[in-house]
Amino acid sequence: MEDLAKFLFGVSGNVIALFLFLSPVPTFWRIIRRKSTEDFSGVPYNMTLINCLLSAWYGLPFVSPNNILVSTINGAGAVIETAYVVVFLVFASTHKTRLRTLGLAAAVASVFAAVALVSLLALHGQHRKLLCGVAATVCSICMYASPLSIMRLVIKTKSVEYMPFLLSLAVFLCGTSWFIYGLLGRDPFVTIPNGCGSFLGAVQLVLYAIYRNNKGAGGGSGGKQAGDDDVEMAEGRNNKVADGGAAEDDSTAGGKAGTEV
């Protein structure tokens, strides 16, 4: 029964995390249509990519047995985020933006390669799991914490236009699903970061309940832009994971903060 419950929460986490990973698609369709990244930033997608790669590696059977559902969603997330980064490179609005994105992508590849090779060639058993788990956990916590700037903005402006309800709900549900999955599997490297994600998602929902009837100072087009940025969490999210990643606030890419395990 416990294994079945773990499986069901893992599947639930996969479905919700996939939604968070795909949330920036409208932004990238706009980039492709206009053939320019405009003021959007590629930083969130590179950060979500390294998180997905490390989490997917951690979930592999020879690193962490019985965590294949962690690998499936983060493997899918890595493919999606790679596509985002490629689009960013192709349609970068300036040469500087392209070089910056390329440099970050190279750093992501280097860090992942280092962790993977060291864990594969130099470590075994629990030592391998420890290295990969710590690396994935640190990245996941950083991604989950990234929406703090948006939460601060909501409190400052008293406007939830900066924090879409469905995205906040998805972050909470995703974090909670993976938190319970980690508890059932007795895996601290899944439980700890997603416990943080669940808590921060709950805080976002509380803020939404408090300020949902207020337009605040962020009404109008400014609020719309900030709201779009927040959808790009994913990834992240999360988690997962804000829908645009505007340069004015790269930290909104909590995505796969909110979505990663």
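Cβ from N, Cα, C; glycine included.
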- [ ] Identify the topological domain of N66 and of N213 in Swiss-Prot, and say whether both name the same side of the membrane.
- [x] no
Open item on the list: Please list the DSSP helix, strand and coil residue counts for the topological domain 'Cytoplasmic' (28-42).
Closed with: 7 helix, 1 strand, 7 coil
Task: Within-chain partners of the transmembrane segment (72-92) [C-beta distance under 8 Å, separation at least 6 from its ends] - done: 13-14, 17-18, 21-22, 24, 28, 31-32, 35-37, 40, 42, 45-46, 48-49, 51-53, 55-56, 59, 98, 101-102, 105, 234-236, 256, 259-261
Open item on the list: Under 8 angstroms, Cβ to Cβ: which one of 102-122, 165-185, 190-210 has the largest number of such pairs with the transmembrane segment (43-63)?
Closed with: 102-122
